[in-house]
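Student: Sharing a structure with you now.
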């Protein structure tokens, strides 16, 4: 039986931290499906710069990812219900409340575990592992 993992996020301006998260998520199962957040659902930080379809295409091109979709406009759990994964892998710094996610999964009858990926430490002094910091650097140098 295939062990399906879902990862999710905004993935605006892909960086090594995103790749680390998705590689760890892929290692949690046999198949990794990624849900890319719609701009309308991003309310915990600045809205993404790149369109959702573009972010999905870039994520889908990664070797660790089997498929990527854009999330539902109104119900962020709708794709999870449709996929019925074995694991939901969260990034180490994602704002989600693990207990609230588990409660909603139980309420909807979705039997899966919620796991957190580890943080990736910079491998070089100048490595940037944050979309916000990449944007800040661009504005600093080109703004």
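Glycine too: its Cβ is placed from the backbone N, Cα and C atoms.
Sequence annotations record features per position, and here Swiss-Prot assigns ATP binding site to 10, 11, 15, 16, 17, 18, 93.
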Student: How big is the ATP site in terms of the longest C-alpha to C-alpha distance among 10, 11, 15, 16, 17, 18, 93, in angstrom?
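Tutor: Per the listed residues, the maximum Cα distance equals 14 Å.
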Student: Can you tell which of the binding-site residues (15, 18) has the fewest other C-beta atoms within 10 angstroms of its C-beta?
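Tutor: Per-residue Cβ counts within 10 Å for the binding-site residues 15, 18 bottom out at 15.
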Student: Given the binding-site residues 16, 17, which one is most crowded in terms of C-beta atoms within 10 angstroms?
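Tutor: Within the set of binding-site residues, the most crowded position is 17.
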Student: If you run the three-state DSSP split on residue 10 (ATP binding site), which class comes out?
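Tutor: In three-state terms, residue 10 (ATP binding site) counts as coil.
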Student: Enumerate same-chain residues with a sequence separation of six or more from residue 11 (ATP binding site) and a Cβ-Cβ distance below 8 A; give 'none' if the list is empty.
Tutor: 18, 34, 36, 37, 55, 58, 59
Student: List the other residues in this chain whose Cβ sits within 8 Å of the Cβ centroid of the ATP site residues 10, 11, 15, 16, 17, 18, 93, in sequence order.
Tutor: 9, 14, 19, 20, 21, 91, 129, 130, 131
Student: So, three-state DSSP: helix, strand or coil for residue 15 (ATP binding site)?
Tutor: coil
